[in-house]
Amino acid sequence: MPPPRRRPPSAADAAAIRRPYLRLVALSCTLRHLDQILAVSLASGHYPLDPAPATSLLLRYASLRAPHGHLLRLFRGFPRPDRFLRNALLRSLPSLRPRLLFPCPDSFSFAFAATSLAASCSRGGGAASSSAARALHALAVAAGYAADTFVASALAKLYFVLSRVDHARKVFDMVPSPDTVLWNTLLAGLSGSEAVESFARMVGDGSVRPDATTLASVLPAVAEVADVTMGRCVHSFAEKCGLADHEHVLTGLISLYSKCGDVESARCLFDMMEKPDLVAYNALISGYSVNGMVGSSVDLFTELMTLGLWPNSSTLVALIPVHSPFGHDLLAQCLHGFVLKSGFTANSPVSTAITTLHCRLNDMESARKAFDAMPEKTMESWNAMISGYAQNGLTEMAVALFEQMLKLNVRPNPITISSTLSACAQLGALSLGKWLHRIIAEEDLEPNVYVMTALIDMYAKCGSISEARSIFNTMDNKNVVSWNAMIAGYGLHGQGAEALKLYKDMLDAHLLPTSATFLSVLYACSHGGLVEEGRKVFQSMTDDYAIIPGIEHYTCMVDLLGRAGQLKEAFELISEFPKSAVGPGVWGALLGACMVHKDGDLAKLASQKLFELDPENSGYYVLLSNLHTSKKQYSEAAVVRQEAKSRKLVKTPGYTLIEISNKPHVFMAGDRAHPQSEAIYSYLEKLTAKMIEAGYRPETEAALYDVEEEEKEHMVKVHSEKLAIAFGLLSTEPGTEIRIIKNLRVCLDCHNATKFISKVTQRLIVVRDASRFHHFRDGVCSCGDYW
């Protein structure tokens, strides 16, 4: 007889073996163990009958880092998955699968979905992730979970990952009674003063009790704004609540006091700890480094190693003297060696800190080597290298690296965009800046105040002051830096009256001006010839706002008076300045003013000071020599030139850049390297003839004194500005605006010639030189010949 057929297991059989099955899953510690349990379950036919063991098995596989495809196969192998199994899969996958939410999502479904989406966003998701987040939020609201604190906390965290602080706040505001966890999520996501204000509101509300996580979240924000008084208030509150002895709170307090410059209090708290852990050591090491106490941070690191504690990546990031790198080249090399020997090169935060350190030491070759050696580059790594290039003037390399990053499908964040915009601003590359503007829109970064402020700065420095103002007007969340950028932009374009008006609007908006605000306003007054207004602003700085002027402010005041021809008063003002404020910048401003107003005696005095303070700067010798030449003091000019020659100083060569069809073209004086040089010189001859008919006469007084007048006229005729403008006129349609960038201050003849060119060609010509913008239209320059 054939053997009797086995009866398939029923739901009752599956329920009977549920407990031992769950216990076996819990005891499994390898993927092989789980595979064996799954095989037995499938062979016996029990697997598809009971969702509880299937859910437990899936979660255990996820905890042991099973491939995500395996988790999906487990889920699909269950014929009728319940809500718990769906939620388990949502929780375990690294990216959101929207279909798993249906047909019956609960609060866990939405919370786990938000967490999965946040995980995928942190790896770079761009505008698509932002759209998915809004769609998930809409589904949660439609399902009635908008007021659920568990869902709201997950959604708020998701929006913070996407840098959408405004959306995170809206999620929070939709919950009528937020719990401690939701408050903590808000505090952890906000930065600086916003987090401090929210903490004060939470305490004042009194409906929830802060816990240790609350304090650990708000303390970094207090440290960010460097408000030690507020920090002491939080410390007192922690004492009253009995939370001051909690390890996370103590560590946060150590970090707070360190960053506020009160290292003594930080050390006192550290010494109060019975057995400081590695996190506490890291906090104090970081505190010493931030305050420039590199020796103390190295001593504490040595103590840590002596105690047998092995440093982690946070220890090394804290120890690397990023904040005060100068004078610590040997330490930088030793730390780099330790990182290599200890195997920390694969750790992105450590490698990023090493890259940043080399960038700040202007050792870009070592920085790039450290960057290229990273097996996995994080967003912070890309940002460190791009901003390093931008800050060291290697703007083209910054833009090239940004383009390389995009080709690798790494999506930029606000810091990346801001750094690259800074590079475009330095280059004056308007077409690149507009391209970045499009990326900002695509990545949905327009609500970010730092990105939009960098965009204002870029447009202003690339000559589009109207576009900069348009962006400024559309910003809803302007901060003081945004106002400063716009005021500085007006100053750069010589629109002093507009800058002063905007400064008044800023004060009316109840924003406190900073040191940078006053510098921007004084610069605008200087380039606009607004002497009395500048005096009042400078006085207001100390009288009304108790801000101590820095070297830059004093330099601006000398420049303001000097440009206006008040050289004697400018010189007297220098004698009133603190000795620490009288550097090359102040005397350089006075020498420049002497050149404009032909004051040889005062120029000699200023140049003597400059030769002592900055003997390697060839520009001062050139200025003094040109002044003597313009006054026909040829022997004195020869002496200055010979002195520069004996010191082996080389004059910075002048060049002019123009962009045509998004391609940069660079010209130097007398340049014939351009493929169209014959056409350019031929056109320039015809253009010069038209200019002479209109009344143009070459300004040759600063040309070399030992050549004939006719040769002098030829020398100034082929200056790089004229070649670039001629090429621009040849290459563009009539009526098109011409934009050029000169690396040095535009000379008197080129300034005069450009006025005539704008008149005879009926073109608007925008020139950015080393100090400001000039807008030439119908024979008139926006600077009013005051530059």
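Glycine residues also receive a Cβ, built from the backbone N, Cα and C atoms like all the rest.
Given the structure is predicted, the values throughout are model-derived calculations rather than measurements.
Record features, source TrEMBL:
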- 695-787: domain 'DYW' (DOMAIN)
- 277-311: repeat 'PPR' (REPEAT)
- 378-412: repeat 'PPR' (REPEAT)
- 448-478: repeat 'PPR' (REPEAT)
- 479-513: repeat 'PPR' (REPEAT)
- 550-584: repeat 'PPR' (REPEAT)
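For the repeat 'PPR' (550-584), the number of residues in each DSSP class (helix H, G, I; strand E, B; coil) is 27 helix, 0 strand, 8 coil.
Across the domain 'DYW' (695-787), mean pLDDT in this model comes to 81.
With DSSP states grouped into helix (H, G, I), strand (E, B) and coil, the repeat 'PPR' (479-513) comes out at 26 helix, 0 strand, 9 coil.
Residues in the repeat 'PPR' (378-412) partition by DSSP class (helix H, G, I; strand E, B; coil) as 26 helix, 0 strand, 9 coil.
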